[in-house]
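Asker: My structure is below; once you've seen it, I'll send some questions.
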Amino acid sequence: MSGQSVRLRITKLLKVVILSLLFVITVLILVATVRTISLDVNTGLKLARWERTEHVPPNITSEYRQRLVSNFKEAIRIPTVSYSETELNTTALREFYGLMRKAFPILFSSNVVSHEVVGVYSHLFWVPGTDLSLLPYMLLAHIDVVPANESDGWDAPPFSAKEIDGFIYGRGTIDNKQSVMGILEALEFLLARDYMPRRGFYVGLGHDEEVNGLNGAVNIVNALKERGVGLEFVLDEGLAVLDGIISGLHGPAALIGISEKGQATVKLSVTAPPGHSSMPPAEGSIGILASAIKRLEDNPMPRLFGLGPERGTFEHLAHSFGLPLRFIMSNLWLFTPLLSRVMERRPDTNAFVRTTTAITMFNSGVKVNVLPSYAEAIVNFRIHSAQTLKEVLDLIEASVADERVKIDLLNGFDPLPVSDYTDKAFGYQVIKKTVLDMFPHVAIAPGICVGNTDSRHYTELTKDIYRFAPTWFKPGDPQRFHGVNERISIKNYEELVVFYIKLFQNCDIRDLPSPHDDGHEL
């Protein structure tokens with residue numbers, strides 16, 4: 001075979017390969033383009049014909065508005081701080097109970113509503129429905145708050161409930177007394193107008209959520225389990241309405257939490273012989289531990305974006321992005337590797353990509369001239385939905401890779417199950433409808449909570465747990481959560497009350513409408 005013949009064959013082969021590649025790329029582009037134009041998984045039952053259930057319109061008079069704002073401010077002024085599992089402001093918790101009884105006299109004197117104190121400071125309400133064949137649901141919120149100090153730079157004392165430019169400032173305004181008071185205000189409003197629910201419901205108010213809910217939520221769950229209670233769904237705090245938070249998104253988006261990341265708190269420790277600082281060894285306890293910690297930071301957990309519910313978040317929001325982001329979000333089957341590499345560059349989006357590693361405490365040493373015999377560090381991991389606690393512990397050991405470093409799991413749990421968010425998911429669709437009743441222009445999407453809530457204790461009572469309140473977050477607001485200058489606008493707090501008034505009534509439908517019904521009654 002001549003050299004010219006070989007070159008011709010190679011040329012033909014290269015043409016075939018290039019044409020094949022061009023054909024594949026063209027097909028991929030066409031498929032991706034069609035999907036970009038057609039994808040809108042956010043519609044669901046949005047256009048369906050819903051059964052009418054709102055018989056008590058949420059008309060908020062100026063007099064009633066003043067009363068509910070006054071009650072809310074009083075709630076913020078009570079410092080119901082949880083410092084640790086064993087250190088709570090019990091005096092404030094008792095005072096808060098007194099406020100509840102004073103602010104909601106109809107609720108606490110009603111022959112319809114059953115109330116009991118659980119775990120000394122938590123509260124459980126039961127409102128029976130007129131149709132006993134309907135499975136009840138449950139709303140959750142928590143009374144306690146994290147510590148706050150004015151010296152950290154607050155514009156108003158953190159327990160003053162001071163009003164500045166239409167905002168109420170104070171610890172608990174967005175975590176989570178806005179839901180506590182909003183739920184109770186809505187129930188008081190409806191009871192005052194002789195509302196009798198068709199579907200029964202529970203309200204659980206925990207007192208120690210900020211320190212794991214082991215005496216509040218856990219005891220409420222145990223009480224319901226003893227009574228054989230099953231729930232249609234649970235709604236707790238978690239995600240919110242984000243306006244200007246997600247880069248490139250046109251308009252606000254309400255994210256309804258359908259799961260939570262798991263968690264592992266791990267202690268790394270090193271023990272070494274003590275000695276005088278004038279004769280240090282090549283490696284001391286602090287140096288050994290610091291090297292182990294550095295290896296953990298240098299070797300982050302693997303990228304898992306697209307393997308958990310976060311993929312559904314971006315697909316539901318895809319239609320609200322402009323090009324080229326809409327093209328990318330509509331085709332995560334193609335662009336997931338690229339998007340995950342971009343997202344991992346920022347701490348707030350990296351949390352959706354992987355299990356995060358946070359070194360939160362480092363302790364060692366007793367004196368300037370004494371070599372410490374012991375050093376320890378605490379590391380907190382928030383576990384991605386596609387990973388397990390055991391897998392994370394195995395990766396920690398592989399990264400540390402030093403027998404001198406002892407690894408102890410202080411506490412931890414797997415990620416929470418993913419709740420249903422299809423057209424057949426009663427709780428998700430009713431929450432979605434209620435949001436759209438109030439904010440028709442808002443995009444709705446399922447989301448993942450990177451923090452943890454009391455709702456994780458309720459998995460034995462229902463398979464569907466959602467985490468959402470219609471608190472509006474604008475740029476800078478997420479940093480107020482557990483941070484400085486926590487606040488909520490008076491307008492937004494009123495919206496929360498209206499949301500719960502509508503939600504109670506929207507839950508009174510027997511069945512979800514057919515997704516194929518195009519009648520529009522939102």
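Any Cβ shown, glycine's included, is placed from N, Cα and C.
Since this is a predicted model, take the numbers as computed values, not measurements.
Straight from TrEMBL, here's the annotation block:
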ACT_SITE  D144  active site
ACT_SITE  E209  active site, proton acceptor
BINDING   H142, D175, D236  Zn(2+) 2 binding site
BINDING   D175, E210, H482  Zn(2+) 1 binding site
DOMAIN    258-403  domain 'Peptidase M20 dimerisation'
TRANSMEM  12-32  transmembrane segment
Asker: Taking the recorded Zn(2+) 1 site as D175, E210, H482, identify the other residues of that chain whose CB atom sits within 8 Å of the mean position of the site's CB atoms, giving them in sequence order.
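Answerer: Residues close to the Zn(2+) 1 site, other than D175, E210, H482: V145, V146, N176, F481.
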Asker: According to DSSP, how is the domain 'Peptidase M20 dimerisation' (258-403) divided among helix, strand and coil residues?
Answerer: 58 helix, 37 strand, 51 coil
Asker: Of H142, D144, D175, E209, D236, which is closest to H482 (Zn(2+) 1 binding site) if I measure between C-alpha atoms? They're all recorded positions.
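Answerer: For H482 (Zn(2+) 1 binding site), the spatially nearest of the recorded positions is D175.
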Asker: Tell me which residues of the chain lie with their Cβ under 8 angstroms from that of E210 (Zn(2+) 1 binding site), as long as they are six or more apart in sequence?
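Answerer: The list for E210 (Zn(2+) 1 binding site) reads S82, H142, D144, V145, V146, given in order along the sequence.
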Asker: So of D144, D175, E209, D236, which of the recorded positions has the fewest other Cβ atoms within 10 Å around its own Cβ?
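Answerer: Each of the recorded positions D144, D175, E209, D236 was scored by Cβ atoms within 10 Å; lowest is D175.
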Asker: Sort out for me which one of H142, H482 has the most neighbouring CB atoms within 10 A, since those are the binding-site residues we care about.
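Answerer: Counting every other Cβ within 10 Å of each candidate, the maximum falls on H142.
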Asker: Calculate the distance in Å between the alpha carbons (Cα) of E209 (active site, proton acceptor) and D236 (Zn(2+) 2 binding site), and round it to a whole number.
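Answerer: Given the Cα positions, E209 (active site, proton acceptor) is 11 Å from D236 (Zn(2+) 2 binding site).
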